[in-house]
């Protein structure tokens, strides 16, 4: 996770890579009928062509502020699924795998929809033991008619980037059973958003050590919970019995429109079958948080300002990242404005591709940010390991980042520090933008700023020239990042920083062969890396970047709703998994370190007034707010 708190202007992060332009890409390229590459692969529905409505909808005006949600806890229960199925390809994989491995000791009911052995049919292997004739999703072996849980589907619950794996406990792969009301999963609610549930089946043919990264996607559902407790209808004594019944029915209908409350059957998207999921909301009249509300688990990052720890909130059991910042240090470094900007931005934004702020609080010595713990690793880590990404994977990440930057621009925020270290991957392979310490707030489209900040290899020419810059600086950095993902290095990289600055200002943009950077990508990069910010693609808004033919096959509505299954999933075993973090940090004992030095004066403390954040309020003020992402405006279901 990108918690390197001191990374600012003078850092360089990527040494030259050997054989950068000859290494094979990370996944195979899928082409459509016209020979063009499609943006994602791996168990997804086909990607429909984009249209102007999709682009315009995602760059619509800012929606009115959403109503503030009461602080509380969302309680989720999983009950059962029915009618799950594999795609024809994976049906064949399953059947052939288990037949080839000759699981002849198994006894399985022939009916895929029943747990009973009554009426079963079986064939006999040479061992003389009965063997099932069923195949496909139910092809796995059983013991006395029961499936091992490793052959049953599991669910991934995702609420505000808090992600939890839930295994089915019994039933069949086709009709699994979960624990129902016996096991509830609690999520802290800090803003109105949806619950995403994705279903997977373990891949019996996965490579050794692949973990969950090659598991088979079965489908997904989106739940729109009701973030208030149910209000029962009370009979009106002035009405007749019949009229009261009508009024009660109307009341119940209105209640349903406020969101799901209770258990309901929901059909799977991008899959077959349905699943029964229960949700409820409990208001939590909690006082301000303090450090004692969390168990400290591991250190996952450090810097001169403080450190980041993996923590567990005691009342819900959810895992978070707790970022601690020493007040005295940021005061001495004149970093108070940057630190407050990070908190302010995180409190405002509700976007699927940005790490959400859950809470913030303070002590006399420190500031604390409680963020979603996104533990699939930095994009930097994966790019270093693979050297470069194939065109589909690079396009997918670029599209999600484009939506994240568009969202920030909609809130008059320039990001200014886009780089692989500041991009995290979640369990499912979607990106999450983090580290907002260099953001510039309150920037209208025509506004210019002159602050010299960023990371050397990503600095735009206008920033180096010192003539002021606008939001278009973010489109330059997006181009640099796309170039790096495709080739392994930023376009003007040099180990000598001054030479790199000269190249950024003067060197012509060059590309490797077209099998690495295809013509559509080359054209997009040429226009994003235009040294004239007024000519640069994106100068008139994100819509003109989305309209570029490099993104021709992306449906932006689906992308914003995270309906595309990423082609790569990190190997993450659970919410507490820290294997994608540097052992230099995780081996350290987690503790809230004592702060030496004089007590801060009241004047110094006043700089941090309004820091604490427990629930959003409507609006964009510094007190926080959960305002709907402008990218979601006017998108019809």
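The backbone N, Cα and C atoms fix where each Cβ goes, glycine too.
Given the structure is predicted, the values throughout are model-derived calculations rather than measurements.
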From 20-63, 152-195, the residue range that Swiss-Prot assigns the feature region 'Disordered': 20-63
Swiss-Prot annotation of region 'Disordered' - which of the ranges 104-140, 215-251 it falls on: 104-140
Residue 300 (ATP binding site): secondary structure state under DSSP, collapsed to three categories: strand
Residue pair residue 308 (ATP binding site), residue 417 (active site, proton acceptor) - Cα distance, angstrom, rounded: 19
Residue 417 (active site, proton acceptor) and residue 306 (ATP binding site), Cα-Cα, nearest whole angstrom: 20
The rounded CA-CA distance in Å from residue 300 (ATP binding site) to residue 417 (active site, proton acceptor) is 21
What whole-number Å value do you get for the CA-CA distance of residue 302 (ATP binding site) and residue 417 (active site, proton acceptor)? 19
